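Colleague: Okay, these came from TrEMBL:
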DOMAIN    7-147  domain 'Lactate/malate dehydrogenase N-terminal'
BINDING   G12, A13, G14, F15, T16, G17, D36, N100, L123, S124, N125  NAD(+) binding site
BINDING   R87, R93, N125, R156  substrate binding site
DOMAIN    152-309  domain 'Lactate/malate dehydrogenase C-terminal'
ACT_SITE  H180  active site, proton acceptor
Amino acid sequence: MSIQRKKISIVGAGFTGATTALLLAQKELGDIVLIDIPQLENPTKGKALDILEAGPVQGFDSQITGTSNYEDAANSDIVIITAGIARKPGMSRDDLVNTNAGIVKSVCENVKKYAPDSIVIILSNPVDAMTYTAYQTLGFPKNRVIGQSGVLDTARYCTFIAQELNVSVEDVRGFVMGGHGDDMVPLVRYSSVGGIPIETLISQERIEAIVQRTRGGGGEIVNLLGNGSAYYAPAASLAQMTEAIVKDKKRIIPVIAYLEGEYGYQDLFLGVPTLLGGNGIEKVFELELTAEEKAALDQSAESVRSVIKIVTV
Ligand SMILES: NC(=O)c1ccc[n+]([C@@H]2O[C@H](COP(=O)([O-])OP(=O)(O)OC[C@H]3O[C@@H](n4cnc5c(N)ncnc54)[C@H](O)[C@@H]3O)[C@@H](O)[C@H]2O)c1
Ligand SMILES: O=C(O)C[C@H](O)C(=O)O
């Protein structure tokens, strides 16, 4: 018997792609292929080599290769798609839809050809619609096409709760559902600190402020950076999802999943709590929501659907 390391390809070797490669290597989750466009082949090789050379210092043996040739990604176990343009101040994620739909489609045609058995994680924005585009192009079963938003949005939400109470982030639990847009739905009723519901610790007014800051969390970073969007926390989120799959951890985390009737939605990708393991999305949890929570989720689902319409006409 020979035990093989996992092969993880990351398409898009920009800020999020390269940062994700470093985090995956640090965790030794597999060997990594970093792919970008032919015009950026040398910088991509340079980033890969630079990360590889951190290995002796940090004690990891993952191999990292830079390329623009999809043949190097052949038979990947996992493919992470970060290819595409990022927004700048004054833009919404939805403004990226036409450019990034073309990029995600062409990337997925190659993924389908060279890594037909892979589990694919999509980051490119507007991510709910891009996950739909990827699903249509790949033709893979729904458990193997996963969008990233909920881990990041939840991380922001938990950061703000921890700051508010001056407690460790490790003790904060909660999650964010819905689309990765300004009407995402942080589930306050399911949020706690050390097991104590946050509604008993934080005033309604302050909770509302935390919810609003979470919804605008991506935009807050875009405005501060001035020329791009967040990448450290997004890369950490991709690393957590990848680890859940590689180690078959059966984590319960919110990701963008294809819905066929769950929560009353058909043919839609939306952020929902899932069980993430070696087979990708192994289960979607359908929670009971109050009328108010369901109305908020309906509004978010409607926003996602309107962007999906743009990429499916
Ligand atoms: N879903 C989320 O939570 C989330 C979080 C952060 C960023 N994003 C999105 O991820 C995307 C990437 O963000 P970034 O900060 O890494 O941007 P970036 O500009 O730093 O990197 C994007 C990379 O994609 C490459 N690329 C473009 N077309 C390509 C193609 N056809 N094939 C291969 N590579 C291609 C570019 O050359 C570039 O290197 C953006 O769309 C951004 O909005 C989403
Ligand atoms: O806000 C963005 O455009 C990038 C990303 O979706 C984020 O939430 O940081």
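Every residue gets a Cβ built from N, Cα and C, even glycine.
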Colleague: Do you know which of the binding-site residues G12, G14 has the most other C-beta atoms within 10 angstroms of its C-beta?
Modeller: G12
Colleague: List only the single closest residue to H180 (active site, proton acceptor), chosen from the binding-site residues G14, T16, R87, R93, R156 by CA-CA distance.
Modeller: R93
Colleague: Ligand 1 is in the model; which of the binding-site residues G12, G14, T16, L123, R156 have a C-beta less than 6 angstroms from one of its atoms?
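Modeller: The ones that qualify, in sequence order, are G12, G14, T16, L123.
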Colleague: Work out the three-state DSSP category of G14 (NAD(+) binding site).
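Modeller: Assignment for G14 (NAD(+) binding site) reads coil.
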Colleague: Mind running the binding-site residues G14, D36, R87, R93 against ligand 2 and keeping the ones whose CB falls under 6 Å of it?
Modeller: R87, R93
Colleague: On average, what pLDDT score does this prediction assign to the domain 'Lactate/malate dehydrogenase C-terminal' (152-309)?
Modeller: 98
Colleague: May I ask which residues of the same chain, at least 6 positions away in sequence, place their Cβ under 8 angstroms from the Cβ of T16 (NAD(+) binding site)?
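Modeller: Listed in sequence order, they are T82, L123, Y231, P234, A235, L238.
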Colleague: Provide the number of Cβ atoms within 10 Å of the Cβ of D36 (NAD(+) binding site), excluding the reference atom itself.
Modeller: 23
Colleague: How many helix, strand and coil residues does the domain 'Lactate/malate dehydrogenase N-terminal' (7-147) contain under DSSP?
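Modeller: Breakdown, helix to coil: 72 helix, 25 strand, 44 coil.
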Colleague: Fewest other C-beta atoms within 10 angstroms of its own C-beta: which of the recorded positions R93, R156, H180 fits that?
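Modeller: Ranked by other Cβ atoms within 10 Å, the recorded positions R93, R156, H180 bottom out at R156.
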Colleague: Given the binding-site residues G12, G14, D36, N125, which lie within 10 A of R93 (substrate binding site) by CA-CA distance?
Modeller: N125
Colleague: Measuring CA to CA, name the entry from the binding-site residues G12, G14, D36, N125 that ends up nearest R156 (substrate binding site).
Modeller: N125
Colleague: Should H180 (active site, proton acceptor) be counted as helix, strand, or coil on the basis of DSSP?
Modeller: coil
